[in-house]
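Here is what TrEMBL says about this protein:
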- 70-250: domain 'ABC transmembrane type-1' (DOMAIN)
- 74-97: transmembrane segment (TRANSMEM)
- 118-140: transmembrane segment (TRANSMEM)
- 178-196: transmembrane segment (TRANSMEM)
- 203-223: transmembrane segment (TRANSMEM)
- 229-250: transmembrane segment (TRANSMEM)
Amino acid sequence: MKTQSLARPAPLRAARAVPLLPVAGVAAFAALWETAARTGVLPASVVPPLSRTAARLGTLLAEPRFWSAAADTALAWAAGLAVSVLLAVPAGVLIGSSERAYRFFRVPIEALRPVPPIVVLPLALLLIGGGLQFKVVLIAQGAAWPLLMQTLYGVRTTEPLLLETARSYRLDPLRRLVLIRLASAAPLVATGLRLAAATAFGVCLVTELVGGATGLGTLLVLAQSGDDLVGVYAVTLVAGVAGLAIAAVFGRIEHLAGRRLAGR
């Protein structure tokens, strides 16, 4: 009894130590960055010290133009992601639930899927012009593909027994699509949503950097054109943190979707 009671706290201590590892890794990276920049291991003309970048970031956060640019980026990202969900999920469910539809659309999908948004950018800029609509179109075009493919695969791998059970209960086709096929595909749809969210953010920044649309990418261009190296690193740091936050949130959604299906 004593041996068991003494052995129990060990896993608890290990579990508590695990969350500290990422924090320790970030702290070590920050210390290495600062030391390498201060000692000249990394040229100051290429990498400024972290302390200067942090100070510049604090100044940037106090500027109204930063929050305006961040709001433009967030709005375009959310709108583009929403459009991709509204297009890709229903299309994936409908195509994946029909063998004939899958065979009909398979070749066009495989042909168009590898086309990156940057290739479509000049045409979209010519037809739509710069602005929110331009960003939303390109974001949706880039983010829809991973979501479409994951939804399609998830629907096609639905267990036949579930479909037979639904037919025996005389569920109409629409209910079978939603309650059986889409519900069974939920984990893969969540994976596609995570990939789409990350893709949407990357495409959003590209449209701002290359296409001239307003947002965080615009701040990067302005800092670069003004030889503000510290400002470039500060905005890049913000974009990196935003990307990590997006990955964490949608990774959690993916985890919850997987647990829900496993608990059925």
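Glycine is no exception: its Cβ is also placed from the backbone N, Cα and C atoms.
Long-range Cβ contacts of the transmembrane segment (203-223) within its own chain (Cβ-Cβ under 8 Å, at least 6 residues beyond either end) map to 60, 65-66, 68-70, 72-73, 76-77, 80, 117-118, 121, 124-125, 130-132, 134-135, 138-139, 141-143, 229, 231-232, 234-236, 238-239, 242. If one looks beyond the transmembrane segment (229-250) by at least 6 residues along the same chain, the residues whose Cβ comes under 8 Å of a Cβ in the stretch are 45, 47-48, 52-53, 56-57, 60, 70, 190, 193-194, 197-198, 201-202, 205, 216, 219-220, 223. Long-range contacts of the transmembrane segment (178-196) within the same chain, counting only residues at least 6 positions beyond its ends with a Cβ under 8 Å from a Cβ of the stretch, are 81, 84-85, 88-89, 92-93, 96-97, 143-144, 146-151, 153-155, 157-159, 162-163, 166, 171, 247, 250-251, 253-254, 256-258, 260-261.
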